[in-house]
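Enquirer: One structure, pasted below without further comment.
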C-alpha cells in the first residue's frame, strides 16, 4: 500500500492504471468497521482501491467540531492496509484548497431537509469535496455507507446531474453488537450516553415491526411513534424525526406505496447521532 499526499503524485500513479477498475472510498479518517466494510467491498469489486482520508473543512459550520474531530492517521493507515487498500490519499488542507474556493457544488431540494436543515451549507461542502475527489481520482466506482443516507442521495443526484462517469455503490450500515450505528463521533459519548444511544436503533426497529404488522399506516404516524419514544429519554434532545421517500427525500403519506426512509438525528450531551432504516415499497 502506498500513502500519497499530493494530487500530482496520485494522478501520476493512476495514469499508469489505464484499463483497470478503480474504486474510491472517501473518508474523513478515524476509520471504524463501517469504513473497513466499504474498503473490503471495493477490494472485491475493483482492481485498484483508493481510500481518501481528509477532514473537509467546507462541510463544517463555524460552531461545529472541525477542530476536535478525531484523527489518528497512523492507525488509519494500518487499518486501510489490512483491509486491502492499494493507495491512501491523505492531503493537507492547502493541497485540496490552495485558496478559498470560488466554485462550489450545490445540490438543491434534497438538501433542504434532515441534516441539510440542521446543518446549513453542510452538503455544499460534501458535494464540493466529493466532486473534487472524483475529478482527481476518476474512479469507476465510489463506495458510501447508508448511515449517511441523505449524503448518498445527494451524491447520486450530483453524479446524475453532472454526468460523472462513476457508479455510486451504497453499502449497508455496520452496527455495534447492541445495534448502535458505527460512527467516528461515537468516541465522544460518555459511558452513560453510550448506554442510552442504543435507543435510536431499537426505536427504528420497533417502528419497522409496527409498520409491518399494519399498526403504522401513515408516515406521520411513524414519525410521531419514533419521536415519542425518543423524547422520554433523559439527556437526549431530538433534532429531527422524518419519514420521507427515498432517495427523493420528499414527503409521503401512506407507507408502502414507495421506498421510504425513517431518519432520526438526536443530541446526547454534546454528541450528535444519526440513524435510519429504509423501508422498501410493498408494491409488486
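Even glycines carry a Cβ here, placed using N, Cα and C.
Note: TrEMBL annotation is automatic and uncurated.
The following feature annotations were taken from TrEMBL:
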{"type": "BINDING", "residues": "28-35, 145-148, 174, 182-185", "note": "ATP binding site"}
{"type": "ACT_SITE", "residues": "35", "note": "active site, proton donor"}
{"type": "BINDING", "residues": "59", "note": "beta-alanine binding site"}
{"type": "BINDING", "residues": "59, 151", "note": "(R)-pantoate binding site"}
Enquirer: Going by C-alpha positions, which of the binding-site residues (28, 34, 146, 184) is nearest the residue listed as 'beta-alanine binding site'?
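Expert: Nearest in space to the residue listed as 'beta-alanine binding site', counting only the binding-site residues, is 28.
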Enquirer: Using Cα coordinates, what distance in whole Å links residue 174 (ATP binding site) and residue 151 ((R)-pantoate binding site)?
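Expert: Taking the Cα atoms only, residue 174 (ATP binding site) lies 16 Å from residue 151 ((R)-pantoate binding site).
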Enquirer: State the count of C-beta atoms found within 10 angstroms of the C-beta of residue 146 (ATP binding site), not counting that atom itself.
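Expert: Around the Cβ of residue 146 (ATP binding site), 21 other Cβ atoms lie within 10 Å.
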Enquirer: For residue 146 (ATP binding site) and residue 35 (active site, proton donor), what Cα-Cα distance in Å is obtained after rounding to a whole number?
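Expert: Checking the Cα atoms of residue 146 (ATP binding site) and residue 35 (active site, proton donor) gives a distance of 11 Å.
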Enquirer: State the Cα to Cα distance, in Å, between residue 151 ((R)-pantoate binding site) and residue 34 (ATP binding site), rounded to an integer.
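Expert: One finds 15 Å between the Cα atoms of these residues.
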Enquirer: Among 59, 151, 184, the binding-site residues in question, whose Cβ has the most other Cβ atoms within 10 Å in this structure?
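Expert: Sorting the candidates by Cβ neighbours within 10 Å, the top entry is 151.
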